[in-house]
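The domain 'Anoctamin dimerisation' annotation in TrEMBL covers 107-346. If you look up TrEMBL, you'll see 349-922 marked as domain 'Anoctamin transmembrane'. The transmembrane segment annotation in TrEMBL covers 360-387, 439-458, 518-540, 560-581, 602-625, 727-749, 777-801, 878-908.
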Amino acid sequence: MSRAPIGFELQEEGNRGDPALINVTQINVNYPGYPPPNNQTDLSRFEIEVAPGGSDPHLYPSVSEKSPAPIGFEGQVQDELKENGEDNSVTVNMDSPQMINEKATLFFRDGKKKIDYVLAYEPGDNEDVKKQQRRKTFEKNLIEEGLELEHEGKESSKNGKTCFTKVHIPWETLTRYAELLNVKMPLAENDMETQLESCFENCWKMFPSPFELDEDVLPTETNYFTAPFNRSRMDQYIGVEYKKGEGQFVIKDKDTFFTNAQRSKICYEILSRAHFTEMDEEEDRVNKKFGVRKLVDNQTYNAAYPLHDGRYHSDHSLLTVGKDSDRHLLYELWARPGMWYKYQPLDQIRSYFGEKIGIYFTWLGYYTTMLIPAAVTGLIAFIYGLATIMDDVPSSEICDNATIGNYTMCPMCDQRCSYWRLSDSCMYSRATYLFDNHATVAFAIVMALWASFFHEFWKRKQAEIEYEWDVADFEDGEETVRPEYEAGVKRRRTNPVTNRDEPYVPQWSKCFRYFTSFSVLVFFLALVLAAVFSVILYRIVMSAILYGNSESLIKTRASFISSISAACINLVIILILNQFYQRVAYVLTEMEQHRTLTEWEDAFTFKMFLFQFVNFYSSIFYIAFFKGKFVGRPGDYNRSLLDKRQEECDPSGCLIELCIQLGIVMVGKQIINNVKEILIPKLMVWFRSRQSLKETSEEKVYSRWEQDYNLASMPALGLFDEYLEMVIQYGFVTIFVAAFPLAPLFALINNIIEIRVDAYKFTTQWKRPLAERAQDIGIWFGILRGISAIAVISNAAIIAFTSEFIPKLVYQYGYSPDQTLSGYTQFSLSNFKVQYFARESVPDDKKMDIFGNVTQCRFRGYFEEDSSNPGQYDFTMAFWHILAAKLAFVVIFENLVVFCTWLVMYLVPDMPYKVKLQMLRENFLSKEALFNAETIQKQRERSASNN
């Protein structure tokens, strides 16, 4: 018995009895070498005979090579062909016979039916019989559902071991599912686009830009108003030019009405829901015996994919002859490295890869563009620090002042460390000033405002994209239920909106599943923190060992060496844990049973981002806000952590260590990701295609489906890794920008490379991904806003509590006799009498030959000895003044940024005015078309009753 695909049973029941919905086409194609069925099921009417193409069923007929017409006489040759009644579809043959044969493999053997999807498998000599039966049953159900199949045996493949099943979706099935899926199609040409262009936009277009794409090679696409497709309202003027007021949808040609991306998407909807066993339907649901994805997972099929529409490179110029295919156009205008400075052809990306991938590249391009002013401002702040580094009074006192630089400092660790000179931190103090100056504070405020503008202008850009690409109401009206949800949920109820029976998960079950998921999530987040804790212990132990080294070169750079090595270890731990947590998040999300793909992706994304947030940022937060803050003081060190003395910051502060950690993790991650994204797909494609390239027989065509089969597959999680990489980078750019002003510059350079690497990967190295639809960037936008909110607090705290900006300001205007920073170094250090050292803190080697008999040493802090209680050290009044100033700065900074953010949100509307008008116009035309359709239907009914 024929069974409807998962999720379309009710729609199918409602459509039965309508002759227009029943596919009566039966394709009889005989699979050469296909194993006979091993059960008693009668499959005789699904036997597939050899499709047209000659006696050899495995080889496409060669296309004869004809001499092209001489240049300048093409028109005459075309006229002669017309007079003789010959086919004049190709007048000037610029392609080799091999290329023509390859292009022929984009169709069935009849040369007319497009290949919308390909199923590939390598049967082998001792293949499991169950796999054979699954394929037969699955393909039988596909044919019953209205798809047409054609088979290519392994004898026709270049590698001699892969079989291919080609899938075509005919017009009747295509229109039926387009209606079920609410696919939006052209209703009328947009007559408002040019009217709404502002004077500024018209003037701007008059000036040439080196970043614009060449209009001679980039085709201009007509903009249409659209409406959900309905077969009863199809345009009756198929094959003629559309005229306003005639018909409903603009159907000039049935073959091009639906794009290749739309065809493959509709085809996948059927493939993902078709059953592949002969079990009872309910048993099939419970055991999830349906869908091509399941068949690929269990290796019944090795791959399932839509085809690229040709090669990405061509022997002739794009400017002189034009594009060979859309893939060729995208490579030349987008993926080619030489086009790195050009705008992206976003409409062509969307048309070829689908809205979901198009929105990703739109957001990535927008983010990269917004980084330009941030990178320039950060570079100016860094240059300012570089230009004024020798004028910084505190670092000059440490490096050049013989008295202050000769101060004896207290040991940095217990026993193994000895006394040291303040001048030893000269390099640290100079480097710290590069990132700790007045320009850095101004830059942090600018970046907080930049984040607000980033979000508000992206909302406007997203509104434009949603309208132009017809995805504004995708999540509410178009998105279908996940097949896994349909099969896994047993309870059902009537949907109050659609009045249809649908799967339903009760609230108590949701609460239980979410609580379980949350508990497991907390456990693994604690595991991440434990890994960070181990890195902190490493830093403490390594610092103590290096400070106790007899080599002065190592000893003076102990903190620097331990910081770099700990950052590298932390990066390795991050990359290892990432792979593990990805699997955990996947299992937890599957357990929660989300209804739609968007809900599933949002839940999975949130879990993974929590893991990654703790994974990447925890060690950086430790350095920024905890290291050196709870050390205590000589004679009373804090030993609450495993009875060990905690790490101390250099007298010049911890900011340079924070900068080192940021630089290594951020830049190191970018380099690793870019190398991985380029090399791994390249190696995979080379490895898979080497067998096919060994076959040099000209009788076998290296078909399009086999070339695509040898390409690497897009990761199962789709764009998740791409978004995650950019959002983690956004965190580095915003949360810690006060410590690393060059972060936007490194991010900008990386993103310029990233766009072209991703474009090259999608266009040349990966199989063509499924053209999925999406309304926006999903939960990532909420995550970005959350990061921006954290960034305001983080940057305020870094400036106030990690940098020396506030203490210098308090000293300059509250304690300095001449309103300068002269004497600040001495002001920021306190004296300690070594006779009050705890026994475990006394250095083993006091280096009497260098320091003599040390009676007191200096340390970083604002303490003074209590005259009435010798050995007791208390905070000075300067400490409380500085603390009050720090708290006041945090409050003022946060409120200023919040006010500016609110002002930007108030002044910048979420949707451009012209988009709002066009949406109103489209809604009006849609209602008018519906009214006209009903009027025509009533007229037909009256005519029928009169006759």
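Each position is counted from 1, following the chain as shown.
Just so it is clear, glycine is given a Cβ too, placed from its N, Cα and C backbone atoms.
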In the same chain, which residue numbers or ranges, 6 or more beyond the ends of the transmembrane segment (360-387), come under 8 angstroms Cβ to Cβ?
-> 343-344, 346, 349, 433-435, 437, 439-440, 442-443, 446-447, 450, 453-454, 457-458, 461, 465, 719, 722-723, 726, 730, 733, 737, 741-745, 747-748, 751-752, 754-755, 758-759, 777
Which stretch, 439-458, 560-581, 878-908, tops the Cβ pairs under 8 Å count with the transmembrane segment (727-749)?
-> 439-458
Is the count of Cβ pairs under 8 Å between the transmembrane segment (777-801) and the transmembrane segment (439-458), pairs 6 or more apart in sequence, 3 or more?
-> yes
Model confidence over the domain 'Anoctamin dimerisation' (107-346), averaged pLDDT = 79
